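Annotated in TrEMBL:
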type     : residues : note
DOMAIN   : 37-428   : domain 'Amino acid transporter transmembrane'
TRANSMEM : 73-95    : transmembrane segment
TRANSMEM : 132-154  : transmembrane segment
TRANSMEM : 166-184  : transmembrane segment
TRANSMEM : 191-214  : transmembrane segment
TRANSMEM : 226-248  : transmembrane segment
TRANSMEM : 260-284  : transmembrane segment
TRANSMEM : 306-330  : transmembrane segment
TRANSMEM : 350-369  : transmembrane segment
TRANSMEM : 375-397  : transmembrane segment
TRANSMEM : 418-439  : transmembrane segment
């Protein structure tokens, strides 16, 4: 009887969202609906998969050279599963928060729910402030990384301009994402983005196998603890792309169907990252330690140029994914979030891009910056905070009894959930934040000492 009651409540709470989706379907033209306005399970899957693997695809071979082949593969599988678990926890907390609010007759039709608001509604303002700080800082540097990657990649097609100049140019290009209203409107971009990364991943795999192993190639990793944990935290960063999970869920017509989407997206992403990183490391070995961008070791061909161009377009899309939640936060701060005019919202969003642009010019360390962001920000944003928040939200017997989403018995029910959550918190805090933070900061400081801040062309070969 109790389970029937819960199911009725869940169904009732999502009636508004489903009606909203039907109204949108009627009001949008078929062409507009196809290209622009998405909210299905498939849209969410494309968004998750496309957003999860972007420029990091090019730095994973670099991580393999730091970790060695076996550790590289195992860490990808391990963090892929762990990332899918915490994305599931975030989806459970979102559904719990939204259901509670809709029982109070709160209307979200002109409001995008964000992670810090979920924490605020379930756990209070202190959790909100912690979540807001880590989430915004991570997304800020996530956007910075996409901008750095754009400059790093285009240099392998046109080296007449240095990477810093390319950063100026792509900063202006990426600023156009202010015109994309929400994650509803990424339908065609998510689809194309996944095709682009799929092409690039298989290009890296095939090109490395066709090239063959370098003469006297060495595979000495792991050699230093600093490099080992730096590589591990880059993989932690790779599968920690679910800082935008709440926004993607909110863009769905039926968010309660999100549960396994991230796991399925991760499964597909692993079919791209494992072959490409393994093949590149097999072919080039320790040379990757000084070449954090995989493109830099492959000979220039038409296929490589196509892959570079496709990755540039995809990085533009991923920049929008990372920056859109920041746009929402800024709109809410200045009271423009519910404004319907796209042009007014675009103008108010522009100040968000300026610090991203500036930071990309200060720290152009493509590769090492991923590990630093992974250890210091991703570890808390998408691993520790969701696991701890889930445990505290359902700590009381009444909260567990009235939970909208009950834990599946196959995972051990509430006891199993708490055991897994405790493991995630301890592991990520000790290995990801502790050892990973030490290693990645040591490596990052080494890059600053070697190349300097505001370096004009990071890891550029000398021109003859």
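In case you wondered, yes, glycine gets a Cβ from its N, Cα and C as well.
Those TrEMBL annotations? Automatic predictions, nothing curated.
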Grab the same-chain neighbours of the transmembrane segment (375-397) for me: Cβ-Cβ under 8 Å, and only residues 6 or more beyond its ends, written as numbers and ranges. 82-83, 86-87, 89-90, 92-93, 96, 119, 122-123, 127, 130-131, 134-135, 137-138, 141, 233, 236-237, 240-243, 245, 403, 414, 417-418, 420-422, 424-425, 428-429, 432-433, 436-437, 439-441
Below 8 Å between Cβ atoms, which of the listed ranges 191-214, 226-248, 418-439 makes the most pairs with the transmembrane segment (166-184)? 226-248
Count, for each of 260-284, 306-330, 418-439, the Cβ pairs lying under 8 Å from the transmembrane segment (226-248), and report the range with the highest count. 418-439
Between 191-214, 260-284, 350-369, 418-439, who has the most Cβ pairs under 8 Å to the transmembrane segment (306-330)? 191-214
Outside the transmembrane segment (260-284), at least 6 residues beyond either end, the same-chain residues with a Cβ under 8 Å of its Cβ set are 41, 44-45, 48-49, 52-53, 57, 60-61, 63-65, 69, 72-73, 76-77, 80-81, 83-84, 87-88, 91, 197-198, 201-202, 204-206, 208-209, 211-214, 217, 219, 238-239, 242, 245, 291, 294, 297
